[in-house]
Ligand SMILES: O=P(O)(O)O[C@H]1O[C@H](CO)[C@@H](O)[C@H]1O
Ligand SMILES: O=c1cc[nH]c(=O)[nH]1
């Protein structure tokens, strides 16, 4: 057990999928894994371990925002020896050509948050994805005929943003979409020599106001999970 994860040693796989929403972890584990077993319930942050195509996989919630994800990712890597981490999250599009349901593979993640300013101070560290995972996820998306965009995203600390100028600057600099965790995930993976990728589904559009219905979310999120699983074990 670690401070925030109740799993026993050996109950967590070396490869972990990380949705923000613990209920998405439950749904994905019950939908895609064989013999999923719940390995964490501490604070309601559900984690499941099972197999996919014969390989052990854990799917574990992170909560929303970088401080929450940081707790789980630190403990997964340092206390459970996790080596590959793929976030499966929702995201808001920031470019006209990125549509609802599309997939976004985050090559880099810009942020104002602590991974950059708190640790690196005057240096602007560039958190980036693992190339092998990114390439495998792109191949998996293309082979399914899924619209997929690869590029920079923005990891914001605030869902209800009081800095519309920042969003506008991100759009002007080609940032594809906004979410709230990837910069910290990539920074922790770099620090600990792990592999990380964020596979995201566009759930709403900041420029057009379009948003997925709950039914649409289910179908769109299924493709994201399959692509993350295929990339993780490729
Ligand atoms: O769908 P998840 O993975 O939670 O990700 C996005 O959704 C949450 C905001 O609604 C934030 O966590 C953001 O990053
Ligand atoms: O963080 C997020 C996630 C989805 N959509 C947004 O606008 N922001």
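Glycine is no exception: its Cβ is also placed from the backbone N, Cα and C atoms.
Under the DSSP three-state reduction, residue 204 (active site, proton donor) is assigned to strand. Per TrEMBL, the feature active site, proton donor maps to 204.
According to DSSP, residue 181 (purine D-ribonucleoside binding site) is assigned to coil rather than to any helix or strand. Every protein chain shown contributes to the tally, and the Cβ of residue 181 (purine D-ribonucleoside binding site) ends up with 29 other Cβ atoms within 10 Å. Positions annotated as purine D-ribonucleoside binding site by TrEMBL: 4, 179, 180, 181, 203, 204.
The C-beta environment of residue 90 (phosphate binding site), restricted to residues of the same chain at least 6 apart in sequence and closer than 8 Å, consists of 20, 179, 200, 201, 202, 203, 204, 217, 221. Positions annotated as phosphate binding site by TrEMBL: 20, 24, 43, 87, 88, 89, 90.
For 16-223, the entry in TrEMBL reads domain 'Nucleoside phosphorylase'.
Taken from TrEMBL, the feature site 'Important for catalytic activity' covers 217. Neighbours of residue 217 (site 'Important for catalytic activity'), defined as other CB atoms within 10 A of its CB across all chains, total 16. Secondary structure at residue 217 (site 'Important for catalytic activity'), taken from DSSP and collapsed to helix, strand or coil, is helix.
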Q: Check the recorded positions 87, 180, 203, 217 for any whose Cβ is under 6 angstroms from an atom of ligand 1, and report them in sequence order.
A: 180
**Q.** 24, 87, 88, 89 filtered to the binding-site residues whose C-alpha is within 10 Å of residue 4 (purine D-ribonucleoside binding site)
**A.** none
Q) Is any of 43, 179, 217 (recorded positions) within Cβ reach of ligand 2, i.e. under 6 A, and which? A) 179
Q) Ranked by the number of other Cβ atoms within 10 Å of their own Cβ, which of the binding-site residues 4, 87 ranks first? A) 87
